[in-house]
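K.L.:
Below are the features I grabbed from TrEMBL:
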REGION    1-20  region 'Disordered'
TRANSMEM  53-72  transmembrane segment
TRANSMEM  84-102  transmembrane segment
TRANSMEM  114-134  transmembrane segment
TRANSMEM  204-221  transmembrane segment
TRANSMEM  233-252  transmembrane segment
TRANSMEM  304-323  transmembrane segment
TRANSMEM  335-356  transmembrane segment
Amino acid sequence: MADPDGLGRDITPMARGPHNPNVKVNAFGFPGRFKSEGAVAAATERADSARRAHTLTVLFILTCALGYVTLLEETPQDTAYNTKRGIVASILVFLCFGVTQAKDGPFSRPHPAYWRFWLCVSVVYELFLIFILFQTVQDGRQFMKYIDPHLGVPLPERDYGGNCLVYDPGNGTDPFHNIWDKLDGFVPAHFFGWYLKTLMIRDWWMCMIISVMFEFLEYSLEHQLPNFSECWWDHWIMDVILCNGLGIYCGMKTLSWLSLKTYKWQGLWNIPTYKGKMKRIVFQFTPYSWVKFEWKPASSLRRWLAVCGIIFVFLLAELNTFYLKFVLWMPPEHYLVLLRLVFFVNVGGVAMREIYDFMDDPKFHKKLGQQAWLGHRVPDRRQVRPLHADAVSPVLHHPVLDPGDYPRAHLDSLAVLHP
């Protein structure tokens, strides 16, 4: 029989039953015999070494690096450069501490340290948001220049509305030019974004509700953001049905495959062939096990409120992607926008699992998970601040708002780069 735990043991079916006194039981309490005690010890030691936090190794490397800077390196006389390097070094030391000392979350693949790293990035990110919360819009834009000198430049806003004819007979060269004009980088972004969000939420109905509600938000806020001014067929056919719908469909198919997959793991060093080892390495980046989410919002008031809160946070995350560009003049292709999306995918997946565990089994999970707590603290604070800072926004009185006049309260409420 195959080795289920990758410990090098050979379990053979017992013809006379498990209660036969002549059947030997190994040290792990299973009937059968080990292939070799040495192989078991070596496999166990290698597995333990790969999962250890290596706290002393990381501490030694950090001590050597900081000792080199302190004793051997000559300090530059550039204040701005030293400030940037000091902030980066402080963040790196905190990340090293968190990766080795933080508590593990619900995910263990590809490695628990990977998810501890994103937890620590969440802490650094929230501290950055708290700092931004106390800045004006102009100061926030100038601060982004310290990260990238090319930022802080006003961006042209593209209006996707205007001529909404699907077939334009007045254009003899290309009557379908209105369709081709709408096919830009947001089309694959919509598809892959909703594919990944489906893997996080794991529910078709919730994904479709968020997708449709966001289109209504675009209708409501197109007086602020010209990007939200779209043709009706761009809203409902290209976005909801084609891009979002296809991403949700592919995501549900992936979820179906993951739920049907057999999760039976074998240690890498116990696989005899190189092909098998390579396959095992690739599958290290797949889940260790699978949990199907059944949100059941109608089963209780608690679950209904939780589902409504999840939908609200996802809609806020969608809006922030566009307001980020609008308020701080960040082009969509900038690497910080991409890093924000990568951050959202890794943090959101863990947070959704912790929320579901807390909802589904509150007796076992007595408190909300650490990643879910971090992910939901900032949106609450961002929504209260604009009511306190600017009760009557000039947005309500101007059909088109100049980015330079955008109120400080909206920068606070959107909290730059937060998902």
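Positions of Cβ are set from backbone N, Cα and C atoms, glycine also.
What you are looking at is a predicted structure, and each value in this text was computed from that prediction instead of being measured.
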K.L.:
I need to check the long-range neighbours of the transmembrane segment (233-252): which residues 6 or more away from its ends have a CB within less than 8 Å of a CB in the stretch?
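P.N.:
Beyond its ends, the transmembrane segment (233-252) has Cβ neighbours at 160, 164, 166, 182, 187, 190-199, 204, 207-208, 211-212, 215, 218-219.
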K.L.:
Under a Cβ pair cut-off of under 8 Å, which of the recorded stretches 53-72, 204-221, 335-356 contacts the transmembrane segment (304-323) most often?
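P.N.:
If we count Cβ pairs closer than 8 Å to the transmembrane segment (304-323), 204-221 scores highest.
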K.L.:
Among 53-72, 84-102, 114-134, 204-221, which stretch has the most Cβ pairs under 8 Å to the transmembrane segment (335-356)?
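P.N.:
The listed stretch sharing the most Cβ pairs with the transmembrane segment (335-356) is 114-134.
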K.L.:
Which bits of the chain, at least 6 residues beyond where the transmembrane segment (53-72) starts or stops, bring a Cβ under 8 A of a Cβ in it?
P.N.:
89, 93, 96, 99-101, 113
